[in-house]
Amino acid sequence: MKLEKLRNLFGQLGIDGMLITSNTNVRYMTGFTGSAGLAVISGDKAAFITDFRYTEQAKVQVKGFEIIEHGGSLIQTTADTVESFGIKRLGFEQNSMTYGTYASYSAVISDAELVPVAESVEKLRLIKSSEEIKILEEAAKIADDAFRHILTFMKPGISEIAVANELEFYMRSQGADSSSFDMIVASGLRSSLPHGVASDKLIESGDLVTLDFGAYYKGYCSDITRTVAVGQPSDQLKEIYQVVFDAQALGVAHIKPGMTGKEADALTRDHIAAKGYGDYFGHSTGHGLGMEVHESPGLSVRSSAILEPGMVVTVEPGIYIPETGGVRIEDDIVITENGNRTITHSPKELIIL
């Protein structure tokens with residue numbers, strides 16, 4: 001099914017074959033979870049090329065592809081495969097292949113023109129299958145469980161790094177392969193940093209703590225943000241929290257298929273601006289989510305992407321005021337036929353520990 005969908009794109013891409021080298025797209029197309037392998041796909045043939053270390057693994061995981069073990073030169077074996085498949089215009093992933101690698105392929109592939117392709121497999125990944133959504137739901141559940149656990153762990157005097165370590169350890173104990181990304185734990189004045197990765201700062205009473213994390217599970221990512229208070233926060237921070245809470249709720253309530261990313265972004269941005277905090281919301285409302293934590297479509301002021309059923313996106317408005325603090329709240333949602341469905345379920349009302 002995936003092979004045929006990719007082949008159906010060949011015409012509009014102006015190619016008759018595709019070289020897939022990025023690990024994420026290789027895994028999506030083949031099911032291979034190792035770190036050394038690529039795929040060559042023509043209109044009627046498909047080969048997966050790897051080395052001795054992964055041949056047996058590939059025979060188990062990769063279906064519908066001829067398994068080829070290269071004898072020492074991956075690039076030469078790839079060139080030989082392209083020639084045997086009769087490919088004349090070979091698409092390659094321009095956003096992931098380095099110039100050096102491109103030059104190496106160009107030196108040995110003589111019978112085919114190398115054609116840069118911006119998006120091929122990524123277009124297929126936009127719409128998730130029911131099986132993919134089930135995995136994403138499980139990744140989201142692991143993150144939800146981790147949030148519930150970390151509420152029992154956080155207290156004044158604990159460092160942000162200790163919180164991040166505990167979150168990752170707990171998610172792994174629940175089946176996650178790893179964290180989806182370098183998680184954010186930003187407390188006190190550091191919560192005004194939208195991407196304030198965990199530091200050695202100690203959490204203090206009265207701090208707001210922004211936790212942005214996710215579980216990487218069976219090749220898919222969850223991505224959740226909650227902001228909690230450790231001790232009583234100031235009235236200003238409570239006000240900011242309520243504005244973000246209401247903006248995020250508007251987004252989750254009204255995002256639906258047929259809407260552009262820009263229209264989805266406006267749902268949260270317009271509310272924050274109306275409350276006087278527009279200058280303090282400087283990032284997009286959300287992004288696509290799947291095998292990578294940041295995928296298309298974007299929910300931003302510049303996005304003309306049309307939301308479709310089966311897409312999975314985040315909704316994560318925030319307010320960040322230097323020398324004061326910040327708040328972000330984020331959920332993962334699946335676009336449905338009539339609206340959307342939330343797959344992260346951690347409480348969003350302000351929690352004061």
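Glycine is treated like the rest: Cβ placed from N, Cα and C.
Quick caveat, the model's predicted, so the values are computed rather than measured.
According to Swiss-Prot, the residue from Glu113, Glu119, Glu323, Glu330 that belongs to the Mn(2+) 2 site alongside Asp212, Asp223 is Glu330. Of the residues proposed, Glu239, Glu295, Glu316, the one Swiss-Prot records at the same Mn(2+) 1 site as Asp223, His287, Glu330 is Glu316. Taking the centre of the Cβ atoms of Asp223, His287, Glu316, Glu330 as the Mn(2+) 1 site, the nearby residues of that chain (Cβ within 8 Å, site residues left out) are Asp212, Ile224, Thr225, Gly286, Leu289, Thr314, Val315, Asp331, Asp332.
Neighbours of the Mn(2+) 2 site: apart from Asp212, Asp223, Glu330, residues of the same chain with C-beta atoms within 8 angstroms of the site's C-beta centroid are Ile184, Phe213, Gly214, Ile224, Thr225, Thr314, Glu316, Arg328.
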